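What follows is a structure written as structure tokens; I'll ask about it next.
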Amino acid sequence: MNRITLSRFLLDAERQGQLADATLRELILTVANTCVAIGDAVNRGALAGVLGEAGTGNVQGEDQKKLDVIANDMLLEANEWTGQLAAMASEEMDDPYPIPAAYPQGPYLLLFDPLDGSSNIDVNISVGTIFSVLRAPEGKTGIEVADFLQRGTTQAAAGYVLYGPQTMLVLTSGHGVNGFTLDHGTGQFVLTHPLMRVPETAKEFAINMSNQRHWEAPVQRYVGELLSGKTGPRGKDFNMRWVASMVAEVHRILCRGGVFMYPKDSRDPSRPGKLRLMYEANPMSFIIEQAGGAASNGHGRILDLQPEGLHQRVAVFLGAREEVDLVTALHAD
Ligand code: P6P
């Protein structure tokens, strides 16, 4: 079989006008190659002494795992000198990371959750890296938070790397979604899942049911209808999954369908949801929409939201369009 590596795929995409430019191609390759190294650290786990807590906290108020910090630093170190970026932002850093004066600035902004689902690491459940690429303001030096606050529809590219039974990169630049599997022998990502599509019909839903008593009425009703199965208004039974790793949930939905939900709940009325807009919801929504699915905050399209803060949170309903439309409609009632 003629293997199409990530490098070849990106060059072909650039030639066909499906990737903005060579700088974006090189940026995606830099991120992908860094994720190979992150995956190695994740896979080595206790053998490399990288499990457990870092003893620090992040802007989210979460205890950082050693690998959260390691993955974050690996992405900073691999990208700061390349001349592809004007700045970076991460779930693990309060403020944007400016490109050091010693290095040339580039036209893109890179945002990432370096190790999403990291609470799963110590129990050997899949985790992942999520990234989003925005364009920096033309010719501006001294990038500020405001320069990152662009709607999800402006993303130049988005992707994730899932460190699971296989290490897979899933990527979009606005011309469909393509999946690549890491060949550990060569260290290269190889195209294995061209033009991924979210199956039209959902048979599974993903939500943390332990929060049910905290949900708003539309979500209570929607999930109640799923749970009532054949005898209820949906007329069919549903299965449920909750991995507590968004990357794993989104990948499953891309592969076999379903809907993922992390709604606002009453535990903290000031919080619209748990997940972060800029480096979780927006990149994942871009991917899901490019694969024919939908992504809503319950009231509208996530990608249309005007960000107000680098670490702002948002409610997320994403996956099969039929399901997302249903739960969004219930919010309008
Ligand atoms: P809970 C991981 O911490 C994460 O940000 C997502 O990857 C995941 O879907 C969600 O939070 C899990 O949240 O409240 O079920 O632990």
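Every residue number used here counts from 1 along the chain in the order it is shown.
Cβ from N, Cα, C; glycine included.
The structure displayed is predicted, hence computed values, not measured ones.
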In TrEMBL, the substrate site includes ASP116, GLY117, SER118, SER119, LYS274. Which of ASN79, ASN178, ASN208 does it also list there?
ASN208
ASP113, LEU115 show up in TrEMBL as binding Mg(2+) 1; which entry in GLU91, GLU92 does that record put in the same site?
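The record-listed residue among the candidates is GLU91.
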Per TrEMBL, what member of GLU249, GLU280, GLU289 joins ASP113, ASP116 in binding Mg(2+) 2 at one site?
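So, going by the record in TrEMBL, that would be GLU280.
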Do any residues at least six apart in sequence from LEU115 (Mg(2+) 1 binding site), in the same chain, have a Cβ closer than 8 Å to its Cβ, and if so which, in order?
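Looking at Cβ-Cβ distances below 8 Å from LEU115 (Mg(2+) 1 binding site), excluding near sequence neighbours, one finds ILE38, VAL42, LYS65, LEU67, ASP68, ALA71, ASN72, ILE121, VAL127, GLY128, THR129.
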For ASP116 (Mg(2+) 2 binding site) and ASN208 (substrate binding site), what Cα-Cα distance in Å is obtained after rounding to a whole number?
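Taking the Cα atoms only, ASP116 (Mg(2+) 2 binding site) lies 16 Å from ASN208 (substrate binding site).
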I need the CA-to-CA distance for ASN208 (substrate binding site) versus ASP113 (Mg(2+) 1 binding site), whole Å please.
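ASP113 (Mg(2+) 1 binding site) has its Cα 20 Å from the Cα of ASN208 (substrate binding site).
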Taking the Cβ of GLY117 (substrate binding site) as the reference point, list residues of the same chain whose Cβ is under 8 angstroms away and which are at least six residues distant in sequence.
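Those within reach of GLY117 (substrate binding site), by Cβ under 8 Å and sequence separation of 6 or more, are ILE125, SER126, VAL127, GLY128, VAL243, ALA244, SER245, MET246, VAL247, ALA248.
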Go through the binding-site residues ASP113, ASP116, GLY117, SER118 and pull out the ones with a Cβ less than 6 angstroms from some atom of ligand 1.
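Close enough to ligand 1 are ASP116, GLY117.
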